[in-house]
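The next block holds one structure in the form of structure tokens; read it before the comments.
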Amino acid sequence: MYDRAPRFTQLTLSSTTSEIGPGTYNINRSLGGDRGSYAPFLSLSIRDSGFLGSASALHSPGPGQYNSDITRNHVLGGNSLQNRSKRFDDVLSDVPGPGAYNVTNDVSPARKIKAKSPKITSKAVRPSLSPAAPSIPSPGQAFGYEEDAQGVLHKHKVPSRDHSLGPAFYSPAPEELWSSQKYKGVQFGKMSGRREPLKGADEPGPGHYELQEDQTVQYENVNVKREQRSRSELSIPRYHELVPLQEEKKGVPGPGQYYIKSQFETSSNTHRPAQSPPFLSQAQRFSPVKDETPPVGAYNDPRCALEILKKGRALNKNPFGQTAVRFLPENRSKATPGPGAYNMFGYGLAQESLKKASLQSSRKAAFGSVAQRRIFLPSKEEMSTPGPTQYKVEKTNEALYKKQSTAAFKSASDRLVVSLFAKDTPPPGSYNVSQSFEKTQCLHQYSKPRNENARKRQSCFLSAASRNTDVLHNDPHTPGPAYYSPDVKSSSTLALIISKEDRFKDPKDEVPGPTAYELSPVIMDTVLKGTFNVTLHNPLMSSTRSLSSHRSWRKPTAHSSA
């Protein structure tokens, strides 16, 4: 680390150093001397050139031997647009156009055969049918006629028509440029080829041998090093150095925190009389806008007394040896009353006046003064002076319109109704909320009837059926009650609609209950079953004996009657 030997920062890429080159060789000595061996560098091994990566690179093709069409067709990166066919092909109709028909001039061979067959010609002279131009020419006769020297009309032939397709029917494939087929994105992300590193031979080359050591002395300027040391460098403290610096900075007070006493300050008089509150009131003039109601959980609930046991009992380090609370919260649970701790009847006019009277009696001074008030004893001169009510003030004549009373000032009723005091209203527990809610919001329950006649009549008014049903329509053809015969009973057709019986009745369980069974009189009053133990008194045996004796007593009567 502290060695002064030169460091080689740049290494040569080839197998030779920069000391070997043109001008460094001694040609005369090499030509004149005898060669001891024809092998270069005393070695007959094959040396690979450093410019060729491997021997296989010699057999690789040159730059003009590649087929560029393959690379043009294979566009890297354009995977989403592989289909080059047209989305909408040109619609070509298969129906021939108006000039696509070819009308032949020769007569069909069937007509020629008919013409050659011998026919019976009539002796009557037929007029010669000379072709004439038709009034409405067909498409084959629309090119005109030419009159011969003999006056025979010859039809013009149809001109030769070019049947090749026009320019609208061609669809040549446009030759796409190679620049338009290239992928415009990043290409190096998809390359998989690697560049072979250029490695030289492992054998040492000429010039790598140091036959003579370099013993030159290197000089260093000490003054230059001192100038470099004096330069200011950025010093960033580490974490273990930064922590004590921050802790030392906390104990130093900031600017403006010093309080220097001045010699011109007014000394505070501690013996002056205490100032009483103005207007004999100690109430706060301007109450804060902030709501003073305690938040949720601020009450001292005795149910939370076991939470103290959850806290740790380890002794905390008290600052300055004090255990008092330094910062008291604004809303303390002790100062705020809990739910149900308010006294509604204690805050009234009588309580406030009693509080003011006791407060004024305890104070000695009035109007904020502590000086002793002397007793007022008037002298003779002061007694002779008239008082405030002994003067006679002359009454001025008022206008007549001021003496007349109007309706606004003549009425003795209050214009603004004063709200009732809180003490006149009943407390919140005096109302029966449950009964009032059931009568107003729930179903109305009628009072019970007082006698039996009222109980019979009550069923008429408690019916939920409509009195005037919409089912019975007024029909003039329907007979009235006087048209019916009392002997014939007519069955009403609307019985299914007017009937109030339930369509779907509740299923009744037809299984007999526990009281439906009848026990025999023998086992009715006992739970004991038959036993073979003679020592126990078995009531069954006595009952069976009585029954057998009763039967034997009735049998001879039957024989005697017979």
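From the backbone N, Cα and C atoms, a Cβ is placed for every residue, glycine too.
Per Swiss-Prot, the feature repeat 'STPGR 1' maps to 21-31.
According to Swiss-Prot, the repeat 'STPGR 2' annotation covers 60-73. Regional average pLDDT for the repeat 'STPGR 2' (60-73) in the model is 64.
According to Swiss-Prot, the repeat 'STPGR 3' annotation covers 96-118.
Look at Swiss-Prot and you will find 114-136 (among others) tagged as region 'Disordered'.
Swiss-Prot lists 127-136 with the feature compositional bias 'Low complexity'.
Per Swiss-Prot, region 'Disordered' is recorded for 192-215 (among others).
The compositional bias 'Basic and acidic residues' (193-202): residue composition by secondary structure is 0 helix, 0 strand, 10 coil, according to DSSP. Positions annotated as compositional bias 'Basic and acidic residues' by Swiss-Prot: 193-202.
Under the heading repeat 'STPGR 4', Swiss-Prot lists 204-227. Note: the repeat 'STPGR 4' (204-227) comprises 6 helix, 0 strand, 18 coil (DSSP; helix = H, G, I, strand = E, B).
What Swiss-Prot lists as repeat 'STPGR 5' is 253-271.
The repeat 'STPGR 6' annotation in Swiss-Prot covers 336-350.
As annotated by Swiss-Prot, repeat 'STPGR 7' applies to 385-409.
The repeat 'STPGR 8' annotation in Swiss-Prot covers 425-462.
The repeat 'STPGR 9' annotation in Swiss-Prot covers 478-492.
Look at Swiss-Prot and you will find 543-562 (among others) tagged as region 'Disordered'.
The compositional bias 'Basic residues' annotation in Swiss-Prot covers 551-562.
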